[in-house]
Amino acid sequence: MRVTVLDHPLVAHKLTVLRDRKTPSPIFRLLVEELVTLLAYEATREVRVEPVEVTTPVATTTGTALSTPRPLVVPILRAGLGMLEGMTRLIPTAEVGFLGMARHEKTLDIVTYAERLPDDLSGRQVYVLDPMLATGGTLVEAIKFLRKRGAAEITCLCLLAAPEGLAALEERLDDDDVHVVLASVDEKLDENAYIVPGLGDAGDRLYGIVD
Ligand SMILES: O=P(O)(O)OC[C@H]1O[C@H](OP(=O)(O)OP(=O)(O)O)[C@H](O)[C@@H]1O
Ligand SMILES: O=c1cc[nH]c(=O)[nH]1
Ligand SMILES: [Mg+2]
């Protein structure tokens, strides 16, 4: 597994406002989008491209185009949906599939309650969006799901991770070559498996509280 943590003052600034408990939902959503666009710039460094001929008003030259099939972007509902706009702003022609997953508050068991993805992901480059990597349970299940469908290269974009979650990914995915791109690795998990200092419940902060 490869881990990239963005080291940039603008990312640090936006993340600080995002963490603030007083930041209201509309600003929170905007900041998530902005942060994701910055993460996506780094996360897509190895996006597949091919040479194309382009004719400018002056001459013909060789340029670069995204290869087909396009990358597949998979937000993990709910909170990952808040990251979709920021990602597709950078790759407007990406395909988008959905995985709905929820972590049980007490047992931390993961339930996959929705899935809308191509049946065959053989050879596809996949970008998974989920703001929080806490115990890692959700991301492990999501990655295993995508691998079973044949996904080739998997890159995960998260805002925050706990060291415990990164260790769980490393252990439970063996030598799976996943790339995780993050804005911050926080200190730890608390007794309820929330990231400390974190930003609270990302889904609730984006969309309000749903029981
Ligand atoms: O690493 P883990 O311990 O699995 O926790 C992380 C998961 O928890 C949050 O989702 P949640 O289950 O709260 O669902 P929501 O997005 O609908 O709020 C978050 O968006 C991740 O998917
Ligand atoms: O801190 C956390 C942990 C899991 N899910 C969240 O939304 N926040
Ligand atoms: Mg939640």
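Any Cβ shown, glycine's included, is placed from N, Cα and C.
TrEMBL entries are annotated by machine, without manual review.
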Per TrEMBL, Arg103, Asp130, Pro131, Met132, Leu133, Ala134, Thr135, Gly136, Gly137, Thr138, Asp201 bind 5-phospho-alpha-D-ribose 1-diphosphate; matching candidate in Arg70, Arg78, Arg89, Arg116: Arg78
Binding-site residues near ligand 3 among Asp130, Met132, Asp201 (Cβ under 6 Å): Asp201
Lowest local Cβ density among Asp130, Met132, Thr138, Gly200, which the record lists as binding-site residues, within 10 Å: Gly200
Rounded Cα separation (Å) that holds between Met132 (5-phospho-alpha-D-ribose 1-diphosphate binding site) and Ala202 (uracil binding site): 7
